[in-house]
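**Student:** Structure below; questions to follow.
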Amino acid sequence: MASTQSLHKCQDSFGKMRQKRLLICIWLWTSLNFSFINASSNGLLRVGLRKKQFDIERLRAAKFVRKEYLYLQNQGLVFPKDDSKADVVSLKNYLDAQYYGVIGVGTPPQNFTVIFDTGSSNLWVPSSKCYFSIPCYFHSRYHSKLSSSYIKNGKSCKITYGSGSISGFFSQDHVQVGDLVVKEQVFIEVIREGSLTFLLAKFDGILGLGFQEISAGGYPPVWKTMAEQGLLKKKVFSFWLNRNPNDTTGGELIFGGFDRKHFTGDHEYVPVSRKGYWQFEMGDFIIGGKSTGYCAERCAAIVDSGTSLLAGPTTVIAQINHAIGAEGIVSIECKEIVEQYGKMILELLNAQTQPEKVCSQIGLCVFDGTSSTSAGIKSVVDEQNMDSSSRNADLFCTACEMAVVWIKNQLRQNQTEELILNYANELCGRLPSPMGESAVDCQQLASMPNVSFTIAGKSFILTPEQYVLKVEQADTSICISGFTAFDIPPPRGPLWILGDVFMGAYHTVFDFKDKKIGFAKSV
């Protein structure tokens, strides 16, 4: 904000010469702010990352916005229905994003603090034409008239998220990342920021590092433009996220390669299974050395630097909550399913009934050949017109499907019927709340189990110290589970989102030449 005030003083002080002298102010401002980003002599572009500490209220606000988004998505209101002139970006929640850096846009460069986000593909910053949106006045804004390299595009773009919406238009200009200048990069000038996310955010914009397939307008992401202009030594970029809370260095994003001092051993690579996000196939998820059974036959997963937490299916998160003693909510529907149908589910599974067909045979779901849907909905029904009985039927179907996974997993471990049903009943009281954080006892970290993700046939372990987050509230440390529930239905899901909790433990390489992702233990 101090830099912005300095620019306004320059404008007010000089009549007809104000633009020239304003450019000088911007140049000086840029020189000071880019001092921590540099291109090293070995051809690697290093971007120093800053890190903000977790804040309990911000984390709660993030979960509130996430819930709003899921509600609107279910209502069919997330995307505009008819607007052929606008591209649409499904913008996610950045309230709990921790790591950010600085880039410059224009000639001379105007500085912006951005999230480097592998979960999206567009670059956008607030526009000087953002007049009627309060969040814009709390962030740096791009002035096209002050850039000699600006090229007008003008095509409109709408970004919708949660209870707010963001709109803007495409422009073209040089983008400075460290010592590199990416020429004529297409980006979005945002002219309306109506979302709670951006009013509270500590950053100005987003620099997307996903694939062009999910880019609004079909424009190439910054890393692709870098490669096309011959600016990179290798067609890769890598993230090292510093999880040491006492270290002032947030981490490092390197374009063109990686630094071996940031990891030990070699990277284990897994191919990208679906371009758009950095998505791959993940194997079984293990808690305390025991299989959850949920991803034994593969789940989709994406690596997302724009998300702090680890997001996964409710079915698995409930098992994690149970194992680490995290608080949860009680599902009456779930308990009713276990009480009334638990033994029947056991018998059907023992009779080798396919797990995905169990709930349909009981009569709680309808199996469509690939997955189950509520037996209370015979066809596609508008959510707004759905009566209470249909909603209840949907809840019972979901509860039944979770119970099948839990009971099947316990059968695999040769547990008795009594223990199996008691375990399932306990999990019904550990379901993650979309509105509240899952608190754990800070004094019990030593007794909590390790968890591990199976990637490329290898186990990637997270210790309690790595997956439990410590946040400050009223001078008191509170421990929060780094796992949160996020359910994506088939065929896209089930889906895991591996955010900064995972990337902090494992140095990550994104290879866009060979379309693969590499993980190695961070140091």
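Cβ coordinates come from backbone N, Cα and C, glycine included.
Where the annotation comes from TrEMBL, it is an automatic prediction and has not been curated.
Reproduced below are the annotations present in TrEMBL:
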ACT_SITE  Asp117  active site
ACT_SITE  Asp304  active site
DISULFID  Cys130-Cys136  disulfide bond
DOMAIN    99-520  domain 'Peptidase A1'
DOMAIN    329-369  domain 'Saposin B-type'
DOMAIN    393-483  domain 'Saposin B-type'
**Student:** Work out how many Å separate Asp117 (active site) and Asp304 (active site) at their Cα atoms, rounded off.
**Tutor:** 7
**Student:** Where does the mean pLDDT land for the domain 'Peptidase A1' (99-520)?
**Tutor:** 86
**Student:** Could you give me the DSSP helix, strand and coil counts for the domain 'Saposin B-type' (329-369)?
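**Tutor:** Per DSSP, the residues of the domain 'Saposin B-type' (329-369) fall into 27 helix, 4 strand, 10 coil.
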**Student:** Including all protein chains shown, what's the count of other C-beta atoms within 10 A of the C-beta of Asp117 (active site)?
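**Tutor:** Other Cβ atoms within 10 Å of Asp117 (active site): 23.
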**Student:** Just how many other Cβ atoms lie inside 10 Å of the Cβ on Cys136 (disulfide bond)?
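**Tutor:** Excluding its own Cβ, the number within 10 Å is 22.
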**Student:** Tally of helix, strand and coil residues over the domain 'Saposin B-type' (393-483) according to DSSP?
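**Tutor:** Per-class counts: 41 helix, 26 strand, 24 coil.
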**Student:** Would you count the other CB atoms within 10 A of the CB of Asp304 (active site), including those on all shown protein chains?
**Tutor:** 28
